[in-house]
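Feature list (source: TrEMBL):
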{"type": "ACT_SITE", "residues": "157", "note": "active site, proton acceptor"}
{"type": "BINDING", "residues": "13-41, 67, 161", "note": "NADP(+) binding site"}
{"type": "BINDING", "residues": "144", "note": "substrate binding site"}
{"type": "DOMAIN", "residues": "7-193", "note": "domain 'Ketoreductase'"}
Ligand SMILES: NC(=O)c1ccc[n+]([C@@H]2O[C@H](COP(=O)([O-])OP(=O)(O)OC[C@H]3O[C@@H](n4cnc5c(N)ncnc54)[C@H](OP(=O)(O)O)[C@@H]3O)[C@@H](O)[C@H]2O)c1
Ligand SMILES: *[C@@H]1O[C@H](CO)[C@@H](O)[C@H](O)[C@H]1NC(C)=O
Ligand SMILES: *[C@@H]1O[C@H](CO)[C@@H](O)[C@H](O)[C@H]1NC(C)=O
């Protein structure tokens, strides 16, 4: 049970990756500022979290079942909480999807929206009445840099993150009146099981409906480049979790947090030319024309990030 002065933090998608590490690091906070309700849709996967939570289990961390795609599961989980009280809701659960559009089924695309968009909407809708009544709350949403800039072969994933960004931008204004704050976290690549899950899907697919050229661009150009980006620029889940903890602990949180400063130029490019020509052409050139320049710049970034730059950009906490 949470004690007075502890912030109750409910996190979705704690079976792996960022959610798991965030739950563990919050629960281990030496000042015991947080009481963590770590949720996952399938409790058969709870062993890893239990192990990493260690002595904090049942002290500052409890594990509950919650599927963001299921009304009953959300209702049951919230009704099981003391006074239904949540100070901070972290919407972390999400899934990726990559590949040529022609080879993806409408059903699989809808699943991405059901999880990344409607899953978050369902959670927020469920906690809002209590937060508004208490005139207190913080809603944190795990978006992505792909919620600011569409990235080739991630069409539907990007769209789902754009959708949640628009939703939150709209809602944040109304909620401010009730002293409920909304914050978006926008990580670049993070080295979790996320990429591996995508690669497993790709390995299974024969890309039905996609022409040979598109499949070739996807497999021989996009996939190696994407992998290189994860290896070169990828952050650890702990780094992202620590950023989220800083945001949760803030007295005056703002709306947007990019966790990887190497992605700021990408956002700057978008706003520097509102016609979109600059972004669209730059990404086109990066992918199709300048393969060698891509490798060169990746190597350059690798150099920079191994040395002082990384130490300066990732603020320790
Ligand atoms: N990794 C990256 O490069 C990256 C970059 C930017 C943003 N993000 C975002 O960060 C968040 C966490 O991703 P991650 O990198 O930690 O990947 P991950 O290790 O694959 O974790 C995703 C988590 O979401 C859970 N989940 C999926 N569908 C769910 C549902 N219907 N109900 C409840 N939980 C569900 C998964 O549970 P199961 O184990 O049951 O599937 C898993 O625990 C996602 O929103 C993702 O879009 C990731
Ligand atoms: C929300 O942010 C405002 C200022 O930005 C702050 O005064 C308020 O205390 C915050 N509310 C909560 C519940 O954190
Ligand atoms: C868009 O970019 C291309 C390539 O950089 C350039 O040739 C074209 O003139 C630009 N169009 C506009 C309207 O700026």
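Each residue, glycine too, has its Cβ placed from N, Cα and C.
When the binding-site residues 13, 17 are compared by the number of other C-beta atoms lying within 10 angstroms of their own C-beta, 17 comes out lowest. Secondary structure at residue 21 (NADP(+) binding site), taken from DSSP and collapsed to helix, strand or coil, is helix. The Cβ of 41 has fewer other Cβ atoms within 10 Å than any other of the binding-site residues 21, 41. Within the set of recorded positions (29, 37, 157), the lowest number of other Cβ atoms found within 10 Å of a Cβ is recorded at 29.
Not one of the recorded positions 25, 33, 37, 157 has a CB under 6 Å from ligand 1.
For residue 25 (NADP(+) binding site), applying a Cβ distance below 8 Å and a minimum sequence separation of six or more within one chain yields 238, 241, 242, 245. In this structure the C-alpha atoms belonging to residue 33 (NADP(+) binding site) and residue 157 (active site, proton acceptor) are separated by 34 Å.
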